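Notes follow the structure.
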Ligand code: ADP
């Protein structure tokens, strides 16, 4: 089965077409700056192979439908296309950030799903409108192709109330569904299964702390293959220190900023989501730039890195307490997979808790799933590359398999 994975934002569509018989990527790309003066489409056919071919188009792209038309033209292009006709696209999987507590599994898209996603916009105001635009266009352009929504929140729906409730007036939960949802669920789910496989254990018998460190970062306590706690909350703002998000911070900062700086709620939201984290501390949000600045003696960049490591260690410590027995700490995503310094800072001083890195294994420039802990470390430390598109395509195929619950 060929599955087209779509991650549609308010002004972008990222996509990947996968052949699920071999789990290979036929093509991938992104349409960006939709609705702006000049839009950009970057497309890769047969990525990572000898036949890889890149195409970049710069032109106005009025809306999501115009963007998807450009993508389709490339997918079935007579010379560089990867399938002969659109009939060869047999399913579509949509990445959805916020599924609230309405969705506790991936499901087939129908009018009811679209209605529920629309109702969830207050809980996912940044992402869900863009996802809905993608679903609308995909249903219009591929009316006969079954489509599935795969949610970032679903993996965390197994959290117990003691982990997902905020100690706010209970009515806020009843009226507005104010609670922790957690995000990056597709990634935590994928790497936890891959890590269990790497360890030669069944997921049901494996306890893990999965550490997704990218532009956005989150940690998850995984007990027997299920999420029992995670660091992101009602929105992706809470938890770890990220590229531009502050993570955990006292809510009383809001009224202070309102009173002293005259900032509106929207401005404070923008400040905490887009101007904080690494960027807020040292002016840079890309981890590679931070390392470069540290090497040049930049004290703020050093501080940002120290804060990042400290926050990560605090979360690892608390999830050790949540889980009791832990088989492995699993690093993933852009920073987690590529940055030995970040991994070392996240594990530093935790030897007494059974976490011992092997400095050489940590530094080895390998790719793929690997063990970077010292042989005698009671808790293994792994690096497992994430692959959210593959997980979405797998779940899409699973939901549509004959006999599966839709
Ligand atoms: P997103 O959350 O947008 O998917 P990624 O998972 O791609 O983000 O992670 C982006 C982060 O990964 C950036 O901070 C980037 O600096 C960092 N990163 C990517 N490659 C490396 C590397 N080789 N060394 C250190 N950091 C890296």
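Every residue, even glycine, has its Cβ placed from backbone N, Cα and C.
In the three-state DSSP reading, residue 152 (active site, proton donor/acceptor) counts as coil. Counting every protein chain shown, the Cβ of residue 152 (active site, proton donor/acceptor) has 26 other Cβ atoms within 10 Å. Per TrEMBL, the feature active site, proton donor/acceptor maps to 152.
Residue 7 (Mg(2+) binding site): 23 other CB atoms within 10 A of its CB, across all protein chains. Among the features that TrEMBL reports, Mg(2+) binding site is placed at 7, 388.
For the recorded site, residue 14 (ATP binding site), the DSSP three-state label reads strand. If you take the C-beta of residue 14 (ATP binding site) and look for same-chain residues 6 or more apart in sequence within under 8 angstroms, you find 6, 7, 8, 28, 29, 30. Residues or ranges marked as ATP binding site in TrEMBL: 14, 212, 213, 214, 215, 216, 286, 287, 288, 334, 335, 336, 337, 338.
Taken from TrEMBL, the feature substrate binding site covers 95. The Cβ neighbour count for residue 95 (substrate binding site), using a 10 Å radius over every protein chain in view, is 22.
Among the features that TrEMBL reports, site 'Transition state stabilizer' is placed at 184 (among others). In the three-state DSSP reading, residue 184 (site 'Transition state stabilizer') counts as coil. Other C-beta atoms found within 10 angstroms of the C-beta of residue 184 (site 'Transition state stabilizer') number 30, with every protein chain shown included.
Cβ neighbours of residue 245 (site 'Transition state stabilizer') (same chain, under 8 Å, six or more residues apart in sequence): 216, 236, 237, 272, 273, 274, 276, 277. Under the heading site 'Transition state stabilizer', TrEMBL lists 245 (among others).
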**Least buried by Cβ count (within 10 Å) of the binding-site residues 286, 337, 388** = 286
**Message:** Please identify which of 288, 335 has the densest Cβ environment, defined as other Cβ atoms within 10 Å, among these binding-site residues.
**Reply:** 335
**Asked** So which binding-site residues are near residue 95 (substrate binding site), with CA atoms within 10 Å, out of 213, 215, 286, 288, 335, 337?
**Response** none
**Message:** Validating a neighbour-count step here. Other CB atoms within 10 A of the CB of residue 213 (ATP binding site): how many?
**Reply:** 25
